Amino acid sequence: MGVNQPLGGNVTVTSLDKLVNWVRKSSIWPMTFGLACCAIEMMATGASHNDLDRFGIIFRASPRQADCIIIAGTVTKKMLPVIQTVYEQMPEPKWVIAMGACACSGGIFDTYSVVQGIDEALPVDVYIPGCPPRPEALLYGLMKLQDKIMQESNSFGSVFGLGERVSTV
């Protein structure tokens with residue numbers, strides 16, 4: 001009884017977490033939220049020269065179709081509730097990228113009306129510094145997000161509400 005011939009290279013053994021994380025990292029759909037000059041660089045990143053499709057990254061215009069939001073530019077206190085509403089409309093699991101000096105730390109605008117970093121309101125997964133960061137920097141940040149997704153554990157259980165996702169990074 002049993003298998004008479006070895007299976008060879010036809011079988012891959014992995015954990016369910018790694019399989020689900022591989023699928024998630026291979027199909028990141030970021031929602032663009034361009035607030036200032038960083039949005040121009042974000043649009044340049046989406047051009048054919050960079051070919052984000054080869055990484056499974058496709059920009060979406062609806063928060064209900066996106067699993068990542070790229071906050072690109074200056075976040076004002078008047079715009080913050082809109083960003084939070086859009087973030088809440090995104091399905092789980094969801095990730096946040098802060099693109100540019102203004103989104104990361106408020107940039108040069110240390111005034112009463114500017115939020116000093118989007119991490120005051122949302123959990124940021126990847127920070128991309130620069131004023132504005134080049135398209136290559138955004139591409140590198142997206143690849144770092146893919147690495148972070150692969151390190152998460154209990155991702156499959158969170159799909160069914162069995163627990164929260166935990167990053168080991």
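Each Cβ is built from the backbone N, Cα and C atoms, and glycine gets one as well.
Residues or ranges marked as [4Fe-4S] cluster binding site by Swiss-Prot on the basis of sequence analysis: CYS37, CYS38, CYS102, CYS131. Around CYS131 ([4Fe-4S] cluster binding site), the C-beta neighbours below 8 angstroms that are at least 6 residues distant in the chain are GLY100, ALA101, CYS102, GLY107.
Taking each of the binding-site residues CYS37, CYS102 in turn and counting other Cβ atoms within 10 Å of its Cβ gives the largest count for CYS102.
Counting every protein chain shown, 27 other Cβ atoms lie within 10 Å of the Cβ of CYS38 ([4Fe-4S] cluster binding site).
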